[in-house]
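Pulled from TrEMBL:
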TRANSMEM  12-30  transmembrane segment
TRANSMEM  189-209  transmembrane segment
TRANSMEM  221-242  transmembrane segment
TRANSMEM  254-274  transmembrane segment
TRANSMEM  286-304  transmembrane segment
TRANSMEM  310-329  transmembrane segment
TRANSMEM  341-360  transmembrane segment
TRANSMEM  372-390  transmembrane segment
DOMAIN    580-834  domain 'EAL'
Amino acid sequence: MQRNALLNNGVAALVLLLVFSFLLVLLVYWSRGVALFENNLADDYQLRFEYLLDSDATTLEQISESVFTEGQMNKTPSSFGVHNHWYRLTLSNDDLDRVDLRLIFDNPTLDALTIYVIDQNPSDSASARLGDSVDNVPLAQRALPSFAFQISAGETTQVWLHLQTVGSSQLSMRLLTEDQFHQFEKRIYLLWGHFVGILIIMAAYNAVLYSGVRDTTFLHYIGYLVSIMLMMGTIHGYGYLILPVPVQLFLSHYIVAVQSAVGLATLLFARTFLRIKRDSLRPYQWYRFICGALLGLIVLSFLLPENLSARVLLVMQLLIYVSVAMMIGYRFRERFRWTRYYVISWLPFFTGALIGMWLFGGLVEYSFITRHALMFGMILEMILISMALADRMSEAERFRLYNATHDSKTGLANDYYLATKLEQLAKESARGLALVGVKLTNYEQIGSYLKEDQRVTLLVSSAEWFEQRIDEYSELLTLDPRNEVRTILYNDSLLLYLVALNNEDELSEVLHRLEGQRSVQNDVLPFRLSCVFVGRFLDHWDGNYQAAINSIRQSVTTAIESDQRVVIYSEANQQAGLRRLQLAQDLEDALEQDGLMLYLQPQQYIDGRQQANCEVLARWSHPVLGMIPPDEFIGIAEQTGLIGSLTQWVIGESFAISEQLRRAIGEPVQLSINISASDLSHPEFSEWVIREAVSRGINPGNFILEVTETAHNQNQAMFQRNLIKLNEAGFMLAIDDFGTGYSSLTYVSDFPFSELKIDRSLISEMASSARQQKIIRATIDMAHGLGLVVTAEGIEDEATLKALATMHCEKIQGYYYARPMPVADYLAWVQTRIEAL
């Protein structure tokens, strides 16, 4: 991103350099052109200028006897309206040679201008007709209206001008010799070419910027540049040189609509540039009102005469300035970074626009400066706005870089920022570097009771609390000095810190001092966070930041699985992590290729009268590692999302074994199947089990589904729905591992359980603990009171069996009675018992 920012700034600098070079050439070339423009030939040819405004005469014969008012050229009153003006220029040539002159009319939007040259007697024969309402006007005369005439040596000539218009009556004129005109024409074309070239360059530059950042501000500025080019092409005449004549004539006839479009584009750009949104109530409402009014004016300009719509436009222009000023004021109060650039860049444009409107309204005198004020103001505006856009883009790049390296909700750094900083800080630190991780182990449980802003507050305040503690015990490194960020947030509940330490012993001391806090007391919200603390000393770090993070994650897993609060990463931990990763991959293959086995562990009625049922247990013989403990691979299945596939495999195999056992023994054997918490949280779980049983012709009454007492904490509504549907289909339900969770009598009584299994952790201490015996007796009595059959797990000796018998426990399961065994061994075991009878 930093490289992109440098590239964009380089392109911006190149564009500005190109524009400045254009201006330099333009200024040098026009230094003589201005003198030409301001050259006054009135004294050389004894020019006498007269005018008659709003006359009823329409022909030269009608006007010839009228009384004219003497005045100065370009200083006659003008305004917007329906006008029928006459002008008379009298020139005398006292030289000995004929002179060729050119009269320039610097207003291409005139409706109709008829020119008569009178030597002696008046005649209705017009010498020329110009204007956008006149047909068959040469292209050069439309772009730069002018009239060439001659004055013979020693003679006097009159030029009569008849102006008919419904817009501005401003008739700006310049009298030049023919040679001077051709020099002037070259310079005016050069000015137009440079202006259009700058517009095209700026539009292309903004198109490139938009393609890179997709910010509509650049599109709005392109729209503004296009509208400016069309408006200026109409006002100055160069539009006839770059557009088809019918198109330019249309724009000239509806110049008010074009100018309104410029105002609309100006407001659109101002709003997006200054980021005025709906929450900016007054500026945004005013902006919408002015935009609506401008759209209405565009429509009305096609219906109303130009003189009426032009007067409305003058008012609208002032309202546009007010709207922009409100936006600027709103952002100035918020200290918006680039508002000052906007103000500076648009001052030349607004000033030039006002001068242009005043010129056509007859409020300022015609001159080279007033005629081209808007054009030069536009050029300055484009240069300055380019700087503003470049600054805005740089700010946008910084904002994108910030978002890419920080958590959007908390403002804490993310792992991408760690990747950019880890190597740099490792080189700069005079001491060793350690990565410390704090896992908020109960954050998800607490977070489920909080609103979004409260969760953010909890994370940020906890991160700051650990920053202070770690900084007390060691040297905590700052990751983002600009924003004073020192914490990395990974996966919502893992806080990472970079700490300068000398060795692993110091890391151990820091972690144990953190662990000594026991839990985090949050000062903002009334919750206590439980944590585990892990770390890795980066003495042999290879530069792979992801490996560093993975080592922290592996250490967190080790801490949670081993019930430790402090773990320092080691090679042994790494090997354990690699083993889990390999087993996760191999487990998926084993499920797809039937690489697992089902074992059966029989249960016995405690009175010894008969075998009860069998619990189905999954076993995995790894082709390389041998038998994998069930707790290990089931835990991996839960962590990797394979638990659903594992449960489906167990259920499918259990259905198949049930039929095999019935055929071998001659009667059905009731099988118990363990169901995981995530299975019962799946909305389609019960439907799948029922559908599978029906398709195989299985009697659901031959199966007991064992549910751990903590499973209902996952999704209680879905848990209840699945249990009820399974029970209604005929499956029996049992509470498994009772005594290890936080079940209440309400939980036991509210669901259709038929059996309760007391966990082996309670049974194993029963013989030596009178307290445990009381707990087990109370549990059995409670279950019987609810009509449940009680099974005790983990029976290892006869003393435990006898104690349970005195408590009226119905069934037992454990090594004392029978170990888990493959199906074939179970059938042999059953056969042996039958023969013994």
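Cβ coordinates are placed from backbone N, Cα and C, and glycine is handled just like the others.
Remember, predicted model here, so these are calculated numbers, not experimental data.
Cβ atoms under 8 Å from those of the transmembrane segment (341-360) belong to residues 78, 80, 168, 170, 172, 235, 270, 273-274, 314, 317, 321, 324, 328, 366, 370-371, 373-378, 380-381, 383-385, 387-388, 391 of the same chain, restricted to positions at least 6 beyond its ends. For the transmembrane segment (286-304), the neighbouring stretch richest in Cβ pairs under 8 Å, chosen from 221-242, 254-274, 310-329, 372-390, is 254-274. Sequence-distant contacts of the transmembrane segment (310-329), counting only residues of its own chain at least 6 positions beyond either end whose CB sits under 8 Å from a CB of the stretch, comprise 80, 167-168, 256, 259-260, 263, 266-267, 270-271, 274, 276, 280, 282-283, 286-287, 290, 293-294, 297, 300, 339, 342-343, 346, 350, 353-354, 357, 361.
In the predicted model, residues of the domain 'EAL' (580-834) average a pLDDT of 87.
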